[in-house]
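Single-structure report; data block below.
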Ligand code: ADP
Ligand code: DAR
Ligand code: MG
């Protein structure tokens, strides 16, 4: 019996053909991930752009007939390719595109990570999620110098503090319906939280869409400094934790849009003189995507846009930051000409 195909324009709808579904419908990973887990979000949200989430590292191999065409579509990365990472700041030449601070409000570079040998968030049990939290927080509390900080469990955070941290872009939002349908919000807020240093320039989200979102951020457009801080932090954390990764796909993440570098490098940039179309055209030319002031599924407030690299797989971390620097300089030049 052929199943009804997912509706809408998602990559899931495009690539989950009846033949692919017949091939995959009885497969189960060693952690118990089935096809229904992988496609739940896209079935529940026909307006999804992608529509799938991996339940563990093995999902990317066992359900490759569905994931590979989606990965090729989104990243332009064929199944014969192998991802290469480069986190060495010495290889980055990204002069500050806004040294006078007239346009760029702030710069943020994050990577997603999941611990090796655990399921991912969509099928983690409450107990496993608490073990992940304890393991990650233990590693973070061993950091020193600029990276030293404190962990704040969401369950112990008062609503006003939480709202302020979200408004100030330091903490993840709640209630994303795509994450909800994927099972990533189960047992919320249990074993979720935020680690940050004194200056909130180094932060780690624990057990949101991925088990770790490791973040370096600061006001202004010094991309080199933000990248160097992140690289230092990752060097320290790689000594303390083992992350899920594969030779072919790099770092492995819940959503296939985050594979490879798992990096989003972004600027919040004020461009009052440019239309949305002009901004989109320049961003597209530099492989960048434009989002609202509070990121995914948000609008620009006060003319501040979130501009970041679209692709994360098949380019290196250095290349992703270099593209952002070049694209940001192009947007600023266009803005300066607009007045
Ligand atoms: P992702 O999960 O891909 O990192 P999200 O949209 O879920 O993106 O969350 C990103 C968060 O980081 C949002 O709160 C957004 O406001 C914030 N953010 C993104 N770029 C910047 C930036 N350059 N400066 C400050 N905050 C940023
Ligand atoms: N909203 C989901 C995921 C898109 C990529 N964003 C992530 N992973 N946060 C969709 O399929 O549209
Ligand atoms: Mg997000």
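Cβ coordinates are placed from backbone N, Cα and C, and glycine is handled just like the others.
Automated prediction, rather than curation, is the source of TrEMBL annotations.
Straight from TrEMBL, the features:
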type: BINDING; residues: 106-110, 169, 213, 264-268, 291-296; note: ATP binding site
type: DOMAIN; residues: 1-76; note: domain 'Phosphagen kinase N-terminal'
type: DOMAIN; residues: 103-338; note: domain 'Phosphagen kinase C-terminal'
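Taking a C-beta cut-off of under 8 angstroms and a sequence separation of 6 or more, residue 213 (ATP binding site) has the following same-chain neighbours: 110, 111, 112, 113, 172, 204, 205.
All protein chains included, residue 109 (ATP binding site) registers 26 other Cβ atoms within 10 Å of its own Cβ. For residue 294 (ATP binding site), the same-chain residues 6+ apart in sequence whose C-beta sits under 8 angstroms from its C-beta are 166, 169, 173, 301, 306. On the 0 to 100 pLDDT scale, the domain 'Phosphagen kinase N-terminal' (1-76) averages 94 in the predicted structure. A simple way to gauge crowding: the CB of residue 291 (ATP binding site) has 17 other CB atoms within 10 angstroms, across all the protein chains here. Its Cβ taken as reference, residue 106 (ATP binding site) is surrounded by 17 other Cβ atoms within 10 Å in the chains shown. In the shown protein chains, 23 other C-beta atoms lie within 10 A of the C-beta of residue 266 (ATP binding site). In three-state terms derived from DSSP, residue 294 (ATP binding site) belongs to neither a helical nor a strand segment and is classed as coil. Screening the binding-site residues 106, 109, 266 for a C-beta under 6 A from any atom of ligand 1 leaves 106, 266. DSSP gives residue 213 (ATP binding site) a strand state.
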